[in-house]
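Engineer: Let me give you the structure first, and then I'll get to my questions.
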Amino acid sequence: MSRVTAIISALVICIIVCLSWAVNHYRDNAITYKAQRDKNARELKLANAAITDMQMRQRDVAALDAKYTKELADAKAENDALRDDVAAGRRRLHIKAVCQSVREATTASGVDNAASPRLADTAERDYFTLRERLITMQKQLEGTQKYINEQCR
């Protein structure tokens with residue numbers, strides 16, 4: 001009986017050792033997987049925060065763009081209305097100018113007949129084109145400065 005007891009004891013010890021090894025192996029795997037899960041959860045949280053921040057910035061940039069695009073469109077519309085009013089004669093374009101006097105032989109001496117000051121049509125078009133480009137440049141510059149101050153901090 002002692003031999004049977006020794007074999008059974010050896011088998012029980014082998015089973016206990018094998019079970020201990022298996023438990024230790026699966027415990028190590030559980031610890032490793034838990035660490036990986038925690039690391040991935042932190043990375044996911046950071047990624048979600050970055051996505052939220054980017055979406056907020058995109059909304060801010062879109063609002064900023066819409067604001068300055070509207071201001072630019074309003075300024076261009078105002079410039080076009082001014083151009084149309086000047087062309088139709090409802091408004092006058094005042095520019096400091098000096099008119100050359102025209103002397104007529106039949107007029108009394110010392111009296112000058114001055115010609116009415118007026119821009120040439122090309123100069124008038126150039127004025128409004130320049131004004132429109134200045135407005136565009138100003139609005140683009142304001143929008144860029146606002147973008148840099150708000151988004152590139």
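Backbone N, Cα and C atoms are what each Cβ position is placed from, and that goes for glycine too.
For 4-24, the entry in Swiss-Prot reads transmembrane segment. The topological domain 'Periplasmic' annotation in Swiss-Prot covers 25-153, and the record cites a curator's inference as its basis. Taken from Swiss-Prot, the feature coiled coil covers 65-92.
On this model, are these features tucked inside or out on the surface, and what's nearby?
Structural biologist: DSSP assignment over the topological domain 'Periplasmic' (25-153) gives 95 helix, 4 strand, 30 coil.
Sequence-distant contacts of the coiled coil (65-92) (same chain, at least 6 residues past either end, Cβ-Cβ under 8 Å): 124, 128, 131-132, 135-136, 139-140, 142-143, 146.
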